[in-house]
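Student: Please read through the structure below; I'll follow up with questions.
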Amino acid sequence: MTRVRPPLVASLGDPAGVGPELLLKSWTAREEERLAPFAVVGSLSLMKEIAGNVPLASVRGIESIAEAGEIFADALPVLDIGPLPYTPGAPCREGAEVALASLVRATHLAIGGNASALVTGPIAKAELQNVGFAHPGQTEFVAEACDVAAEDAVMMLAGPSLKVVPMTVHVSLASVPALLTQDLIASRIRIAAKALARDFGLANAHIAVAGLNPHAGEQGRMGREEIEVIAPAVEALRAEGLDVVGPLAGDTMFHAAARANYDLAVCMYHDQALIPIKALDFDRGVNVTLGLPIIRTSPDHGTAFSLAGTGRADAGPTIAALRMAAECADRRAEQLA
Ligand SMILES: NC(=O)C1=CN([C@@H]2O[C@H](COP(=O)(O)OP(=O)(O)OC[C@H]3O[C@@H](n4cnc5c(N)ncnc54)[C@H](O)[C@@H]3O)[C@@H](O)[C@H]2O)C=CC1
Ligand SMILES: NCC(=O)COP(=O)(O)O
């Protein structure tokens with residue numbers, strides 16, 4: 001007998017941002033987008049209030065995530081964590097506390113196997129840190145909850161045109177060169193290659209690695225990180241049989257013909273990776289954490305406070321995050337069957 005996969009679970013994100021309304025918009029698109037059932041951990045009163053502004057939206061409280069599959073066709077299932085007034089565009093301490101409680105509960109539902117994947121809503125990192133969140137981002141939080149070291153949880157941004165992995169993430173640009181080591185680069189690429197095979201069906205992915213400096217250092221004349229750190233890491237991975245090339249000049253590896261040569265671009269810092277993907281795929285971009293025992297995705301954008309409550313925010317990235325989470329969960333389930 002085929003076992004029915006548990007529903008996905010979504011955390012709310014900052015209640016004053018666009019996260020909650022985009023989950024409602026995604027639910028209204030569930031049939032045309034063929035979305036797998038998902039439940040939201042959040043404030044039922046808040047979700048009901050927002051649903052009033054989203055055409056065709058309907059929400060219903062549930063006691064247990066196991067109920068989500070049954071009612072998903074008729075309403076968006078919400079695991080209630082308490083009342084909260086809706087203040088679109090105006091983040092506050094109370095809202096940040098709800099965002100954090102939602103993230104914690106949703107993460108543990110996925111870790112416990114009661115949800116088949118976790119989709120996190122956008123949070124404002126500074127707001128969450130004001131209420132005791134001690135991580136640079138949700139990636140590191142989820143990693144710790146899964147007992148995975150932060151350096152082994154690898155952020156990938158994925159869209160229809162491109163997949164990118166930044167080697168360093170939420171750190172100052174000035175600190176990047178010292179953080180880049182052969183071990184870090186080789187280890188993160190190994191984790192990414194394994195996850196691409198396991199969760200994305202990309203066995204033997206073609207991986208292109210960017211340099212750090214202009215023109216990938218121009219043979220050492222514009223910086224030596226390519227010669228001393230990046231090229232040796234690439235060579236070590238090639239010796240292990242991985243299909244890795246680089247370091248390539250960062251400015252010329254993202255045009256269409258260049259992208260046709262690889263499945264994944266590995267970048268040295270946050271903006272080197274996120275600028276091309278957000279330029280190409282902002283409306284379908286997904287942030288996914290590789291190397292975890294659970295599946296975790298998120299829309300590629302942030303809280304967009306100035307759009308909250310206007311009805312103008314695009315649900316495309318949230319829909320893509322929900323769909324990718326379900327596809328990865330299906331792949332893992334097939335591997336266990
Ligand atoms: N996954 C997450 O939790 C992320 C959280 N953030 C947080 O979000 C906050 C705001 O960051 P920003 O840099 O302003 O990024 P943002 O992604 O919130 O906004 C950037 C621009 O994109 C627009 N935008 C964002 N989402 C949109 C959507 N769904 N439809 C249409 N337009 C959209 C915004 O209006 C703005 O013009 C920060 O506190 C940051 O920490 C940022 C990125 C990811
Ligand atoms: N720039 C990507 C981003 O901020 C997402 O971070 P995370 O909260 O998913 O770790």
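Including glycine, each Cβ sits where the backbone N, Cα and C put it.
Just so it is clear, the model here is predicted, and its values are computed rather than measured.
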Student: To which of ASN261, ASN287 does TrEMBL also attribute binding of substrate at the site defined by THR139, LYS278, ARG296?
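Tutor: Looking at ASN261, ASN287, the one TrEMBL places in the substrate site next to THR139, LYS278, ARG296 is ASN287.
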Student: Going by the divalent metal cation site in TrEMBL, where HIS170, HIS215 are listed, which of the candidates HIS206, HIS255, HIS270 is also part of it?
Tutor: HIS270
Student: Measuring Cα to Cα, tell me the gap between ARG296 (substrate binding site) and HIS170 (divalent metal cation binding site) in whole angstrom.
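Tutor: Distance between the two Cα atoms comes out at 18 Å.
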Student: If you check the binding-site residues THR139, HIS215, ASN287 one by one, which have a CB less than 6 Å away from any atom of ligand 2?
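Tutor: Going through THR139, HIS215, ASN287 in sequence order, those close to ligand 2 turn out to be THR139, ASN287.
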Student: Say you check the Cα of HIS170 (divalent metal cation binding site) against those of the binding-site residues THR139, LYS278, ASN287; which is nearest?
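Tutor: Answer for the nearest of the binding-site residues: THR139.
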Student: In three-state terms from DSSP, label HIS170 (divalent metal cation binding site) for me.
Tutor: coil
Student: I'd like to know which of the binding-site residues HIS170, HIS215, HIS270, LYS278, ARG296 has the most other Cβ atoms within 10 Å of its Cβ.
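Tutor: The largest 10 Å Cβ neighbour count belongs to ARG296.
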Student: For ASN287 (substrate binding site), what is the secondary structure state per DSSP, taken as helix, strand or coil?
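Tutor: Reduced to three states, the DSSP call for ASN287 (substrate binding site) is strand.
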